[in-house]
Amino acid sequence: MQWRALVLGLVLLRLGLHAVLWLVFGLGPSMGFYQRFPLSFGFQRLRDPDGSGPVGPPGGPAWLHRPRRGTEGRLETPPEPGPTPGPGVCGPAHWGYALGGGGCGPDEYERRYSGAFPPQLRAQMRDLARGMFVFGYDNYMAHAFPQDELNPIYCRGRGPDRGDPSNLNINDVLGNYSLTLVDALDTLAIMGNSSEFQKAVKLVINTVSFDKDSTVQVFEATIRVLGSLLSAHRIITDSKQPFGDMTIEDYDNELLYMAHDLAVRLLPAFENTKTGIPYPRVNLKTGVPPDSNNETCTAGAGSLLVEFGILSRLLGDSTFEWVARRAVKALWNLRSNDTGLLGNVVNIQTGHWVGKQSGLGAGLDSFYEYLLKSYILFGEKEDLEMFNAAYQSIQSYLRRGREACNEGEGDPPLYVNVNMFSGQLMNTWIDSLQAFFPGLQVLIGDVEDAICLHAFYYAIWKRYGALPERYNWQLQAPDVLFYPLRPELVESTYLLYQATKNPFYLHVGMDILQSLEKYTKVKCGYATLHHVIDKSKEDRMESFFLSETCKYLYLLFDEENPVHKSGTRYMFTTEGHIISVDKRLRELPWKEFFSEDGERDQEEKFVHRPKSQELRVINSSSNCNRVPDERRYSLPLKSIYMRQIDQMVGLI
């Protein structure tokens, strides 16, 4: 009997020890047994057993390897398996709970990002964004106007580089037409500063002329100047005046006539090209320069339709929309028959692709953006059809990583640069302009995928306090180190917040605001970062800092802004200029239109007339309701995947 009692005692002791171990290591919403318990536990081991680096296939992330594609253009099976959530009491990973050990309850990501964002803090950040704009704008007016840009370090103005016509970085943008003032007009209105808006409009009318011996890039003049003039004109003539009284006494459509004058001076770019694709540059007085380059980028030639289309429909003159639409169709018809992709540089005379790289960044970005936004504004069915086909090709050939953003194994989704004909990887870098793409995905309702790509760019921002112009994801280091105050990450942050109302994006915006204040503010404004690591600066403040970066930051924190509350649907151009989406822009004021070959088509054959409810825009509640309610109160991306992304950019 004694040996039986001894055996029973040992069994009970063993069961008791198991119970204690289970209570210590197994309970809690974020804990679970891992295969190598008790040395490692948690949902996922994101590093090699020796802790030396992220788990992944030899030679780098699975992004290097082309995935198999399913029928919908997504991954049919994931790439090389990454770390897997461990078994245990919690099952799959949940939003915002501990990763890799460290106790029960919310983890570091949950604590930092998912707490309430108090109204007082929101108001403080809104005022900081407004103060940032005012500081830059006031210093431009005091030290630089009527020149194009402000040099914020030495407090002086900058115009075209007359001594070096080959300095395209400056001369493509600066046309000696008070660029920063023109570009900032609608930001003044959105911030409710009616007196300064009215003063600025009168200054533009009375002092700005396009009769200048300036050779400018057609794309830059269109999005920065033409787009701003049209936006400000629409604000002035809006009968509802949602931003306050922005009317101008005795206003006689002067901004619209100025926009027409500029567009007429840009039209020679579309002449004498065998493809209909425009020359990249024109002289505002003399037309296309005799030594003009026959090569242009896809975005530069194919991102004119929004501004040119608005102008045509306001004037009742089809010329501008026709030339812009012809250029889009010409580029579209040159896409690869095998992949459906476009390259980034084309010869306008031969239609030969000089640059065969296909990606989402420089050279292609706004081409895709304007296919969708042209449909939203004008309702032309062919624009939506082109966009849907392009998006399908992007998903099929550019997207790498696991199929779902918030589920499964493998690397996080990323869009890479490939050869337009083969779909094969061309390099291992991405550029900062690509950070616009999550915002575009929000517009089409692909919010889940947008969340992951945005998180990747935000992780890069966290590492450097800015976005390097080009980042090598294989080397985990910048290839091009400067940051010219670009708005793309801020834009996507704002649009994702509008879609999800998740406070995470307010925290992201606060991080960006504080980084800009800390690293870029100088004596007379905000300066380009020459080097994102050592934070050395260049003496330049580009106009898009006031027209986009400050605007999106302000709107992110201004919940009561008329943009969000007036009941009017708005869309932003690629330069951040606000345009109301209304019936007038979806109706052609002319009875005939031109087909691609220059012959006239009857309107009924050319134009699709969607009903208003067919057009989906960002402040449509039906789009925002696609996001699960859980996402409004928890992290938009599970902590396990946030940590994975942070590790993959070398942040941890």
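Here the Cβ of each residue, glycine as well, is placed from N, Cα and C on the backbone.
Source: prediction; values computed, not measured.
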For the candidates N176, N619, I need the one that Swiss-Prot annotates as N-linked glycosylation site.
N176
Using CB atoms and a 10 A radius, I'd like the single residue among the glycosylation sites N193, N294, N337 with the highest neighbour count.
N193
Cβ packing number for N176 (N-linked glycosylation site), 10 Å threshold:
19
